[in-house]
């Protein structure tokens, strides 16, 4: 049998069932609940004969079933709070001078105000669903939050959360490594970094101690050491709770940390589709016209492959550029020692306060030893159309590329 994911939300399916008077236990519509009512959000407000009424959108019911209810019938203090906050937010922007007007002794919200309140309610629901989806799909313990207090933008329509590289057909991001270190207590004389000809990347406090441009070799799935090994950092995933938020200066979405991050700490990986450089060139033509910057060249050793995080990625998809960043890029090798296909890890360059936005330099100039042969491997794909930089840093170069 063929099975395909349903793109309709649970509420939409419930609305269809109730509209057609059908029951479906798998989505919670039974004979008993077919006529149940729960407030999903409040749409409008009016006063008639001295009594306040709210127009209610019922959860799982179509909008045609909306009804006016007196405030005393509503037991949803949070939704009432959201309604009032959204109304006041609209008015504070100067779009309306008054929330109410008297006409035939009936006070009502202006249509523009009510329309904004409904849009904000729908956005709030959509962002909550997106947050739940992100946290279901992530493979690390830290939480992902979503916040938009700037505009009516909802979740991106064509973005799919992944935790690791998604290789294009014909590209193998796992080279079948079958050996690991025999250390009982890493690092030892023959631990993974030393076998590769490099020093251990982390100190005793599990903080980065190597210079930009040098690779990180972590212990792999065949190593004798356990999960508490000090050489297993990137592979454990993001250790900090992060928030995807809407920026207020036209940079779209951004990412801020909800916890303090100490200097030289691992923050997140940059993941996406792994494609050939030829395919990246083709996509780059399209992305240039859209003003997007999601292509990241994997040219640590060669220039055969590129990571494209436009459609598939993790939280790093939303990290903005800065000419004075607080994150630095490093190449990491764990279960794949192919120098053409390093994993890309972002580490903090300084202490980052809770609530501060996370950024990295899309060119990575100024913070990398450019005399290193591997320095070029840490820069995103070159762009043909120059994109204006809005980072606001004192040292801003004016362009992202």
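Placed from the backbone N, Cα and C atoms, the Cβ positions cover glycine too.
Heads up, TrEMBL stuff is auto-annotated, nobody curated it.
Among the features that TrEMBL reports, Zn(2+) 2 binding site is placed at 181, 192, 219, 223.
For residue 191 (Zn(2+) 1 binding site), other Cβ atoms within 10 Å of its Cβ number 23. Summarising the annotation, TrEMBL assigns Zn(2+) 1 binding site to 181, 183, 186, 191.
The Zn(2+) 3 binding site annotation in TrEMBL covers 186, 219, 225, 229.
In the structure as shown, the Cβ atom of residue 390 (S-adenosyl-L-methionine binding site) sits within 10 Å of 15 other Cβ atoms. Residues or ranges marked as S-adenosyl-L-methionine binding site by TrEMBL: 251, 252, 253, 320, 321, 362, 390.
Listed in sequence order, 321, 323, 396, 397, 398, 399, 400 are the same-chain residues six or more apart from residue 389 (Zn(2+) 4 binding site) with CB atoms under 8 A from its CB. Taken from TrEMBL, the feature Zn(2+) 4 binding site applies to 323, 389, 391, 396.
Annotation comment: TrEMBL describes 37-95 as domain 'Chromo'.
Sequence annotations record features per position, and here TrEMBL assigns domain 'Pre-SET' to 179-237.
Summarised by DSSP class, the composition of the domain 'SET' (240-363) is 18 helix, 49 strand, 57 coil. Summarising the annotation, TrEMBL assigns domain 'SET' to 240-363.
Secondary structure of the domain 'Post-SET' (385-401) per DSSP, as helix, strand and coil residue counts: 0 helix, 2 strand, 15 coil. The domain 'Post-SET' annotation in TrEMBL covers 385-401.
For the binding-site residues 181, 219, 223, 252, a Cα-Cα cutoff of 10 angstroms around residue 191 (Zn(2+) 1 binding site) retains 181, 219, 223.
Only 192, 229, of the binding-site residues 192, 229, 391, have a C-alpha within 10 angstroms of the C-alpha of residue 186 (Zn(2+) 1 binding site).
Listed in sequence order, the residues 247, 254, 319, 359, 391 complete the 8 Å Cβ shell around the S-adenosyl-L-methionine site centroid, once 251, 252, 253, 320, 321, 362, 390 themselves are left out. Apart from 323, 389, 391, 396, the Zn(2+) 4 site neighbourhood in this chain, defined by C-beta within 8 angstroms of the site C-beta centre, holds 321, 322, 324, 390, 392, 393, 395, 397, 398, 400. When the neighbouring Cβ atoms lying within 10 Å are counted for each of the binding-site residues (183, 219, 323), the highest count belongs to 219.
For the binding-site residues 181, 186, 192, 253, 396, the largest tally of other C-beta atoms within 10 A is found at 192.
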